[in-house]
Protein chains: 4
Amino acid sequence: MLKSIAVLTSGGDSPGMNAAARAVVRTALYEGVKVWGIRGGYHGLLEEDMFEMKSRDVSDIIQRGGTFLGTARCKRWKTPEGRMMGYKHLTDRGIEGLCVIGGDGSLRGASLLSKETGIPIVGLPGTIDNDVWGSDYTIGCDTAANTIIDAINKLRDTASAHRRVIVLEVMGRNCGWLALVSGISGGAEYILVPEEEYNLDEICDNMTEAYKKGKRYILVVVAEGAGSGQEIGQYIAEKTQLDTRVSVLGHIQRGGSPSVIDRVRASQLGEQAALALISGLSDIVFGYSKGRVVSIDLHDAVNNKKILDPDYLHLAKVLF
Amino acid sequence: MLKSIAVLTSGGDSPGMNAAARAVVRTALYEGVKVWGIRGGYHGLLEEDMFEMKSRDVSDIIQRGGTFLGTARCKRWKTPEGRMMGYKHLTDRGIEGLCVIGGDGSLRGASLLSKETGIPIVGLPGTIDNDVWGSDYTIGCDTAANTIIDAINKLRDTASAHRRVIVLEVMGRNCGWLALVSGISGGAEYILVPEEEYNLDEICDNMTEAYKKGKRYILVVVAEGAGSGQEIGQYIAEKTQLDTRVSVLGHIQRGGSPSVIDRVRASQLGEQAALALISGLSDIVFGYSKGRVVSIDLHDAVNNKKILDPDYLHLAKVLF
Amino acid sequence: MLKSIAVLTSGGDSPGMNAAARAVVRTALYEGVKVWGIRGGYHGLLEEDMFEMKSRDVSDIIQRGGTFLGTARCKRWKTPEGRMMGYKHLTDRGIEGLCVIGGDGSLRGASLLSKETGIPIVGLPGTIDNDVWGSDYTIGCDTAANTIIDAINKLRDTASAHRRVIVLEVMGRNCGWLALVSGISGGAEYILVPEEEYNLDEICDNMTEAYKKGKRYILVVVAEGAGSGQEIGQYIAEKTQLDTRVSVLGHIQRGGSPSVIDRVRASQLGEQAALALISGLSDIVFGYSKGRVVSIDLHDAVNNKKILDPDYLHLAKVLF
Amino acid sequence: MLKSIAVLTSGGDSPGMNAAARAVVRTALYEGVKVWGIRGGYHGLLEEDMFEMKSRDVSDIIQRGGTFLGTARCKRWKTPEGRMMGYKHLTDRGIEGLCVIGGDGSLRGASLLSKETGIPIVGLPGTIDNDVWGSDYTIGCDTAANTIIDAINKLRDTASAHRRVIVLEVMGRNCGWLALVSGISGGAEYILVPEEEYNLDEICDNMTEAYKKGKRYILVVVAEGAGSGQEIGQYIAEKTQLDTRVSVLGHIQRGGSPSVIDRVRASQLGEQAALALISGLSDIVFGYSKGRVVSIDLHDAVNNKKILDPDYLHLAKVLF
């Protein structure tokens, strides 16, 4: 059983990272294990920006967006020398295992550290994109989807007043989950995701038809990986001559106080990550699948591509 | 295959009922089946307050709280004569199956109708309490939990300014799910649920201790089934002499625009309910378990008592 | 005293337009005067898309964003022939006065109608920009400002996690009110408005300095009239080499359920507009100044440029 | 000109107190004057819980509810000996003036200190009740009113689904401002305030009438000073036999991130308070009237009773 572990957050921040880090810390302390917080991700590890944590250090943070530990880009971490130095900074303090909360790239970096140094590593999927293989869920995706539907509610007001086409670009470079789920929830007429072909000309024809029949407004949700909202909006405007507006939500999707789901699941994942790490397990990522916490091989998680739930794709078609 | 079905909402309303009804309607129309909406629950069925629905009748409602079909109490439905009249009003219009969206009592009433008349019935669990056996989820529970943590955020501001004890009573007569989940999410120090014994004297002693050590405020979440918030607050105030305030959220928990989870799952459940009903199935309730839609025997659903997830109970202990 | 009046909304929609229209309708009915609603602004007037309104037609709309009457662009209104046709459509129905809710351009169109036909016209300033001369307030500006600070709260989470510069572009082509007020409220480090010169190089130097001293993040709010957020962000990124992100809020600012201020003031303005119109007054706009409803000469309102409150500009400097 | 001042918050907390304290601190520093923060109100002053503040001590607080300085009850302050000790703790540190942010009782306590010791005192009205004479506005009232209309939106969903009467009790022991403004904004059918007589039997008769005519739901907003929501609800239920529900919002009204208005005005008031205090003025309260910051005699502010705006009372009648 390990005596001392550390936790860091890395990559783009997501709502619920604080809840996850808090659960790691409190679980470790509950088990009588020392726990260190590393500030600013791998960069902070290289800069030795770290401190031993007490229970109160994670008070009053479960409701906060962002990550109180901070995160940063780190080029040096991409080199074996960098990672070796990180390893040294951990062992210098008697730290025997590391919990990494972050997205794809961050987990990949963690897997290299484990391979090269043998130090136990457990990962948690912290990203709003919900694109980690083996898990139905990533920390922050529920809050981000709710942020998007709040925006859709506001856009609908103005779209309906003007009989407009609204194109809303949301995050998701490789994965259309956010677009699909928020599009279904927001009652979008069209949802464009990177996983599916679409024919913009056909869509334009349908729009024209719908307006003739008295439709008051049309909402198109586009995952950034499926095309630029700006370009798609311009194409629609030219082709249909309908009054079209584009909104690009951007980094607002990353912020905000986490939802209940993101707080509870992040807490559960954080607890399991700490327990696993303390017991000496390594090279696993904790995710959520079939309604419960599951452990996924770290190598599999970073090397496989998640597929969009076909039930959702079908649902989107039936409902509109 | 049925040619014509009807849908009603019954009992206490919950956010997402509109999304579910909309999915029932759109799925039926997609399948080429007629679909009727009944206003005001069983009462409306007896009053023949019903109309055939078109796709546009469910436009612009997925984001609305409450139920556009309305709901009402109905004493006559509790008699065989009442139910027989309801059956007649359905068959008069050629309606061959009924989808009922509601809580425990409403599903029980539906099961009697099916038993007595043989008309196919499919139920959907619409209640914020998340207390339907066989399902991890009921329509509206996620929105209600998020409403509660919004309230907790506000109460925390004022509690922290005054170094107060705050007692928050939430819904849940037989089931502590809402209290437990919102308590974990809101970082509550104590969570009192009907499923677990608690010792208020011991809690008071711990509070006094914590305040001596500098704790800024204490939050207690109580499910209504575990005791009256007012009485518990008074007891704490007298025993600890700490400045204590009580808040009873009440019906606010039932309202609000549904969350993403409640919209998406209600839509999925509605789709499956419609498909099952159309195909002639009966006496089942659609729920959500192990990460997917499941069908539950209607008789089992209304006759078994759901158990609170022990993992959540454990989590609450570890994290605080 | 007039016996029959009409109301329309025109131009960009804003939250509170519904509250204003509702107050016009209910006040007219309270005074025993007929009141017509015109759908789709001046365009609807030319298309004769109008109906006599009852009290219940404005039930359940005070809390809604957008405008239930709709609005549209109308080229024909810009011609004397168009306006003369509009006049005819009013007099055909015995309508003796018109209340126009909209921004600058809409009020200008109304003033021409009055000049050419002599029909009494009363205007209400409906625009989120708060740029109507003679009034401290326009309908919707408070809700829009609150929407912006919600966005700032979310951006701050992620900015703080990454030590980033965030550039947020908000509405305001000629007027920096929204940027100034939301910047002050959101604790922005820099607020760029069309009414004031700024030196971007100097700002960049200050930013670099602040980061050296440990600043965690910097927020810049830009009114669209003061420059493109995208271009300003790029300039800052290149010059300072700081990690910079740009967010363009767009039409989200126009939507949302109106705030208390926007509901109450829109109601007050609507009441006064109806009373004035009924009593035969014309060519005035009702605004809010020195803490109360005031009437402004319509000609003055559309021909003068509002000046940004110098107290706010000073406050922004002192507080940061 | 004073060289060193202090600031404290006292009484019930209200959203915007942080913005006000921040403005006091930053203005003082901008003017080159030392500024102390006192924790826990008058109690903290007696306990010498105070510290000199730097600009960064008020970073990242403008968006927070509650008060970071804390507040507490203090019996000793009610005695001349207590106040004399407080005076000594100020002069010991060279503090020459005090800014007190709080409600009626807190300002009264401040006025006694000034009278007895001659130390300059400037007050700011920090209370959600909007009940300070001479000012149209108190810090926090706008946020509280918006919190109430959010609750009304949720209650309306469920009320409409069930055809219910909803009675909502809001804060306001002596002053009906919150009830009146939120009632107007929320479209309440009845608004009961301490300043106006009402006849509950007549109201019940009207309700029965309205239901017969098809009204879907009725909302009653009650200021706590006008009666107990619980008792009024029970009376209505018995008399009308309508399905009636009561909601008591309680301390939730005190919390939440402050609105734009509360942030901006609190900042303006804080700036003016600091400037006045530094220049040696005393025994004044800064408020907001006729659209701008005004100074009010402290004695007048605490000894006169504010009257409810008759225009609002009239508006409530016309609109419903």
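Cβ coordinates are placed from backbone N, Cα and C, and glycine is handled just like the others.
Listed by TrEMBL as binding substrate are A:THR127, A:ILE128, A:ASP129, A:ARG164, A:MET171, A:GLY172, A:ARG173, A:ARG245, A:HIS251, A:ILE252, A:GLN253, A:ARG254; the candidate from A:GLU195, A:GLU196, A:GLU224, A:GLU271 that the record includes in that site is A:GLU224. In TrEMBL, the ADP site is described by A:ARG22, A:ALA23, A:VAL24, A:VAL25, A:ARG26, A:GLY187, A:ALA188, A:GLU189, A:LYS213, A:LYS215, A:ARG216, A:TYR217, and among A:ARG39, A:ARG56, A:ARG156 the residue recorded at this site is A:ARG156. According to TrEMBL, the residue from A:GLY12, A:GLY176, A:GLY183 that belongs to the ATP site alongside A:ARG73, A:CYS74, A:GLY103, A:ASP104, A:GLY105, A:SER106 is A:GLY12. Annotation note: A:GLY12 (ATP binding site) sits in a coil segment as assigned by DSSP. On the backbone, the CA of A:CYS74 (ATP binding site) and the CA of A:ARG22 (ADP binding site) stand 24 Å apart. On the backbone, the CA of A:ASP129 (substrate binding site) and the CA of A:GLY105 (ATP binding site) stand 13 Å apart. Taking each Cβ in turn and tallying the other Cβ atoms within 10 Å, the top scorer among the binding-site residues A:ARG26, A:ARG73, A:ARG173, A:ARG245, A:ARG254 is A:ARG254. Checked against A:GLY12 (ATP binding site), the binding-site residues A:ARG22, A:VAL24, A:THR127, A:TYR217, A:ILE252 differ in C-alpha distance, with A:THR127 being the nearest. Averaged across the domain 'Phosphofructokinase' (A:5-275), the predicted model reaches a pLDDT of 95. In sequence order, A:VAL58, A:ILE61, A:ILE62, A:SER267, A:GLY270 make up the list of same-chain residues 6 or more apart from A:ARG22 (ADP binding site) whose Cβ falls under 8 Å from its Cβ. A:ASP104 (ATP binding site) sits 15 Å from A:MET171 (substrate binding site), taking the CA atoms of both as reference points. In sequence order, the binding-site residues near chain B (CB to CB under 8 A) are A:ARG22, A:ARG26, out of A:ARG22, A:ARG26, A:THR127, A:TYR217, A:ARG245. The local packing around A:CYS74 (ATP binding site), expressed as other Cβ atoms within 10 Å of its Cβ over all shown chains, amounts to 20.
Around the Cβ of A:SER106 (ATP binding site), the same chain contributes A:SER10, A:GLY11, A:GLY41, A:TYR42, A:VAL100, A:GLY123, A:GLY126, each under 8 angstroms and 6 or more positions distant in sequence. The binding-site residues near A:GLY103 (ATP binding site), taking a 10 angstroms Cα-Cα threshold over the set A:ARG26, A:THR127, A:GLY187, A:GLU189, A:ARG245, A:ARG254, are A:THR127.
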